[in-house]
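Annotated features, as they stand in TrEMBL:
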COMPBIAS  B:57-66  compositional bias 'Polar residues'
REGION    B:57-88  region 'Disordered'
BINDING   B:Thr82, B:Pro83, B:Lys84, B:Gly85, B:Glu86, B:Gly87, B:Lys88, B:Thr89  ATP binding site
There are 2 protein chains.
Amino acid sequence: MVHADPAIDGADTADAPESDLAVARAATPRPIEEVAADLGLAPDEIEPRGDGVAKLTQSAVRSATASEPDGTTVLVTGMTPTPKGEGKTVTTVGLGQALAGLGESTAVAVREPSLGPVFGIKGGAAGGGYSQVLPMESINLHFTGDIHALTAAHNLLSAALDNHLHQGNEEGVDVRRVDWPRALDVNDRALRETVVGLGGPARGVPREDEFVITAASELMAVLGLAEDLSDLKTQIGRIVLAEDADGDPVTPDDLGVTGAAAALLRDAFRPNLVQTIEGVPALVHGGPFANIAHGTNTLVADRVGASLADYLVTEAGFGADLGAEKFAHIVAREGIVPDVAVVVATVRGAKRHGLEMWPADFDALAKTDPEAVRAGVDNVTRHVEIVESLGIPAVVGINVFPDDAESELAALESTLTDAGIPVARSTAYRDGGEGAMPLAELVRERAGTGEFAPLYDLDAPLREKVETVAREVYGADGVEYVDGADEDIDRVEAWGYGDLPVCVSKTPYSFSDDASLTGVPEGWTLTVREVSPSAGAGFVVVKTADVMTMPGLPAEPAAEEIDVDADGNLSGLF
Amino acid sequence: MVHADPAIDGADTADAPESDLAVARAATPRPIEEVAADLGLAPDEIEPRGDGVAKLTQSAVRSATASEPDGTTVLVTGMTPTPKGEGKTVTTVGLGQALAGLGESTAVAVREPSLGPVFGIKGGAAGGGYSQVLPMESINLHFTGDIHALTAAHNLLSAALDNHLHQGNEEGVDVRRVDWPRALDVNDRALRETVVGLGGPARGVPREDEFVITAASELMAVLGLAEDLSDLKTQIGRIVLAEDADGDPVTPDDLGVTGAAAALLRDAFRPNLVQTIEGVPALVHGGPFANIAHGTNTLVADRVGASLADYLVTEAGFGADLGAEKFAHIVAREGIVPDVAVVVATVRGAKRHGLEMWPADFDALAKTDPEAVRAGVDNVTRHVEIVESLGIPAVVGINVFPDDAESELAALESTLTDAGIPVARSTAYRDGGEGAMPLAELVRERAGTGEFAPLYDLDAPLREKVETVAREVYGADGVEYVDGADEDIDRVEAWGYGDLPVCVSKTPYSFSDDASLTGVPEGWTLTVREVSPSAGAGFVVVKTADVMTMPGLPAEPAAEEIDVDADGNLSGLF
């Protein structure tokens, strides 16, 4: 099966001559102990988990994160993407390989793929072509079990809450105000709205419930932002599961099950070490959503990478308006500050904006049209401005697709250059690290030339923080609160969460909250519909629309193509 | 926290002076490669999964199962238990250690613990004291992810079914006749009866649904009975998920997702290798229920063990009426025939029957009463008869508890001896293999002196097979079918599953279907309420009552005691 769409925000490679699986199988991975040695990790500091996969030991994690990381952190972000993505993961992996090729000690950090999309529409997610992470079969199927551990911990909290209701409800939980869903790592729309606890007194208390995909669990965000196991427990303990009759939060600490949930996440908290197809160390760890959460691999993986390597290349979800902004205001405040950022842009992506096209028509986008590309560049430059406004030096990496016309690539490149923006093409999908060498040189040159500066102070009121992001990042004229969002904010501040950063959930397909507004929309107002605390993870989610937290399967799911033979060889996965 | 109840059917050790965790932590495990070498496995035939844990490679599994196993298979079964169990796992592990101590090449095979009970009431399950399996922390928390893989595969089938309904229902599934639940590895009574697919056309088709604990999933039974990956696929493909409008089965093959589910189970199918506290190789693999399924570790683990070691000690759930009968009629037909069986008996267990006590009052049972013990021995002898009626030589192993009085132990022992039954005491919990030496010698003496003979032919009609088990094993006067069970049987036979073995689901606390009938009940009739095919696993489930397939949490769940510290040390788990 020819590779279709390798990653959340991954490279489109419909015309790729070889499948990712074929490329992966032709590779000769290094022993994982040797990869670990590149990071200065001794054999007893990693725990093998099958061929080419290891978890760092708890003591290796502790010693690597004991001090402030002194490596250079490169954040890979992007322009406003099409639904097929612009190739951030491919660029991340390729750039890491290129930096290693330049002789720099380098680690790559990316998210763990979720099983739901693998069996739904995606067919696997670990970069692609000659810039992928190995072993792709393992990474895409269960991997080291981190996401399963999150599912188990999440549903233990759910069961404890419903058990509390059943056993007398001492905390006075209001069954109409349970905020904690159940979680499964599957695409299953029938679980979006359910009723549980039916069947009489032996079967719990009836109430409405929903299931989210595990990647959307607040525990995923908690795992992603905890500094150490103590911090993990602190964060879990303060999650708002529900409200009591007085409208006060009910938490895992109230139910006495914080330690049990943390115990289930003990090993999941340790980063996973694998390698890129060129043998560069890769930390694949965590995978939160990029809208209701912060959308990047774990903080602990970043800290380990930036401590043990001279260069850490890490990726944030969607465009810079979402991923980079959240990285700056949520992740960087925890100690991982980007020294430079790559804004990934594509001919196709620019063309979409130049043609003011929504929804994306990929057949139409395949037609050569350098003028349309040029007309769409303002979207890219705006993302660059956002990154620079955070005090992070930015360069543009043009992820080259096989069918990009030279005239289009030149249009994109020259328009950016004319605007004074450093830009380099990358053919990392086709050529591996070699294809990202010019980008790596640019990254090295620009790294550390800025001074990181968040756009807002944490002690500003929530509305002010939302206003700052809306105006200064998204380019809105202002913010409107509807459907009780104003009352939500009052409640969140009353609960004492007013000093958390905000995590705005909006469409990734426009700077605005309306996916059909392409380019750099002006003269619009951000509409906020709901505000709720992710008190465990440590941010306040600001929703501009209903967010799909449980995907569905398509009419012909990828699962129908996936198979395993008598020898254990997988097929159809990629 | 003092050890309470280590296993499904595990030893009660309320008076144990040391916790299992303390004993486990004081042990010095051998490197797992060395343990593997005991079985003739080379380092590259196992895949390490953390300290002291490995999975056999696919090729090691294939080569070990290529021919009929020639080792001696010892089946550990038991008397009719109390709800705290009589110590079958402790006896299994201790006996394996004793056989190894006698110089025999030995492997132990037991089931994998489920997370649900660990966080509910159990507090861990891997034997106990000086007859436990290590590393207990890992085995009790996620282990190698097999059960999580089953959860994922199970819910993929569920999602595919609901997606099929949503996308037009080409197969004509009758939403009122969906037999496939969803599954989670948690104790959560609120999921026993649910409604899914609510919220309008974007959220699937509304229908009633239930969740089972993963151990109760038919996929667990399938994993337990498949010979190889091809067989696994065949079995998955024929699972009855639902009925169509004509009343015909709808299967994973019909939905085209058999391969995807098998792909998710590829690694779970490979047995896990660990060691006992004395360093004897232990295969911990699979964990099906012993009522609606066959209740023993996987066939593939047994085949591997009996091929690579001279002695395989394996365990079946509950008493011989359930575990041994199912082993004989379901497992042994697949090629693992017990050469000898140990019926585990206890003073407490016999006393319960002698006192005709139900429910069990453990304070009352603690009182010394040799007469009551003597009066209850007929329950033990009846289990011995059942085993012998299958052509399997039986010996009784008396699992000695710390507070058993010598007068009671002597009463139990002499009554059995007087009846001509070979018997030995075992203090394996306190003394490890040394405490099970006499039992091991007896086992060695009796092994291979019988000729295995199932009680029924597969081509007999279903009603005849049920009648045989009811009369010849349970001692019933006959069988009564109520609540449509007669129609169920007709349908199952019409579907072509009449030639499968039967798997009777009844209380483990009596030979009869009424837990309050102690000893060896006579003059009763087995009431069958529902009959349904586990067509994937290859048996027909015959239910005598509602079976609890999703446990609930108690008022004070074990989860409240479980914790992890900043160094990753667990507590409260055992």
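Placement of Cβ uses the backbone N, Cα and C atoms for every residue, glycine included.
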Around the Cβ of B:Gly85 (ATP binding site), the count of other Cβ atoms that are within 10 Å: 26
Cβ neighbour count within 10 Å of B:Pro83 (ATP binding site): 13
B:Glu86 (ATP binding site), number of other Cβ atoms within 10 Å: 30
For the region 'Disordered' (B:57-88), residues assigned helix / strand / coil by DSSP: 8 helix, 7 strand, 17 coil
Densest Cβ neighbourhood among B:Thr82, B:Thr89 (binding-site residues), 10 Å radius: B:Thr89
Fewest-neighbour residue among binding-site residues, criterion Cβ within 10 Å, set B:Lys84, B:Lys88: B:Lys84
Cβ neighbour count within 10 Å of B:Gly87 (ATP binding site): 36
